[in-house]
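TrEMBL annotations:
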- 1-27: region 'Disordered' (REGION)
- 87-338: domain 'Nucleoside phosphorylase' (DOMAIN)
- Arg128, Arg172, Ile173, Gly174, Thr175: phosphate binding site (BINDING)
- Gln251, Arg253: substrate binding site (BINDING)
Amino acid sequence: MPLNGADAAIGKDPAENGNHASHQPNGKVYDVNYEEESHNDINAVRYPDGSVRLRNPNIELMDQDILYHLALGSGSHDLVEMFGDVKFVCLGGTPKRMEQFAYNIMAEIGYKLPCGTTLQDISHFSYRYSMYKVGPVLSISHGMGIPSVGILLHEVIKLMYHAKVQDPVFFRIGTCGGIGNEGGTVVISEEVVDGALRNVLELTVLGKTLQRPAKLDRRLARELKALADPEDPYDTVTGKTMCTYDFYEGQGRLDGAFCDFTEADKMEYLEKIHKSGVMNIEMESLAFAALTHHAGIKAAVICVTILDRLKSDQVLAPREVLDEWQQRPTKLVSKYIKRYLQMKGRLSLDGHGSIAVKSPRRFKLVQQESETYD
Ligand code: R2B
Ligand code: URA
């Protein structure tokens, strides 16, 4: 298949996009001025071979690092053997959807499981998140909201480091409420903002509130948009995504257990954010963009609207319709991954990916620890 303009750009690493955060870790907490410091200090987030470097000097001094919510550990598992070939990390809300995504991507890239085997939830013993691996693709559930995706991202970014993964690309695929976009529209985020239209993630650390810039890779967003099929019976658009800490009051819904504003207040707010370019509202993109940016990881957010918030608060579409809509972002991401692997000649895959135990004793302990506690 001939490559078009979008394909030509696929596969460049973040260094080429100037998409790095850039200060050396020093253990202190302070407000970071990214505009001043994003002068492409790639050394802060990458080793010379392109593998992920952590902005935390503590980790390499630890005897082992237990990735508690993933039920994995650097002492218990051979993470390089298990995950060293990863290129794409796809995150989405629910375990079922991410299991389904893993099967979809398997079909898309022609990955075959050895006879008699099935996909395994690698993080099963955490009972928190689910993780599936299909060749160079990880498919992981992130739960709902910023705290859930934030915890997951800390551990997945550390996993990238321990596994010596080179220049990974992260995607969040999910659902959202449209702002002036009817149900079934695919929105690729160019920017993310909070409920007050600020594009930073606020985090209180040691009693001080710091702000992390929430930035996505614009080029990746454009490449994804270019892959949308004009024949699709729905729109694929790019724009600003609002991320809130709540589904009800935080998104201006009148139908939560509490509501202290009127319908007119709600419409005034939604019209205001619509005018400022907000295309959709969801609940994870701010942390996703801020943490991937801080790690120098190229990332994109692709969501499907399940209603138009200018018309309703309740999700009224039937289950089968919602199921079909939710396939739409996954189709786009699968297409991107397939094109990338085709271009790199990586569609035939090697044997990475089965569970490889380094220390049976530590392996058992990690499983028990993740299993036992709430
Ligand atoms: C979209 O849908 C979920 C709320 O229903 C939330 O995780 C989100 O971002
Ligand atoms: N997810 C959200 O966060 N909001 C919606 O309105 C729909 C899905």
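From the backbone N, Cα and C atoms, a Cβ is placed for every residue, glycine too.
Shown here: features listed in TrEMBL, placed on the structure.
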residue: Arg128; record: phosphate binding site; Cβ contacts under 8 Å, 6 or more apart: His69, Gly143
residue: Arg172; record: phosphate binding site; Cβ contacts under 8 Å, 6 or more apart: Cys90, Leu91, Gly92, His142, Val149, Glu284, Ser285, Phe288, Ala299, Ala300, Val301, Ile302, Cys303
residue: Ile173; record: phosphate binding site; Cβ contacts under 8 Å, 6 or more apart: Cys90, Leu91, Gly92, Phe101, Ile302, Cys303, Pro329, Thr330, Val333
residue: Gly174; record: phosphate binding site; Cβ contacts under 8 Å, 6 or more apart: Gly92, Gly93, Glu282, Glu284, Val301, Ile302, Cys303, Val304, Pro329
residue: Thr175; record: phosphate binding site; Cβ contacts under 8 Å, 6 or more apart: Gly93, Glu282, Cys303, Val304, Thr305, Ile306, Leu322, Trp325, Gln326
residue: Gln251; record: substrate binding site; Cβ contacts under 8 Å, 6 or more apart: Gly177, Thr244, Ile281, Arg309
residue: Arg253; record: substrate binding site; Cβ contacts under 8 Å, 6 or more apart: Phe247, Cys259, Lys266, Asp313
| task | Mind computing the max CA-CA distance among Arg128, Arg172, Ile173, Gly174, Thr175, which the record assigns to phosphate binding, rounded to whole Å? | result | 20
| query | Could you give the mean pLDDT over the domain 'Nucleoside phosphorylase' (87-338), rounded to a whole number? | reply | 98
| request: Output: those binding-site residues from Arg128, Arg172, Ile173, Thr175, Arg253 whose CB lies less than 6 Å from an atom of ligand 2, in sequence order; none if no residue fits. | output: Thr175
| remark: What remains of the binding-site residues Arg128, Arg172, Gly174, Thr175, Gln251, Arg253 after requiring a CB under 6 angstroms from ligand 1 is Gly174, Thr175
| field | Mapped DSSP class for Gln251 (substrate binding site), helix or strand or coil | value | helix
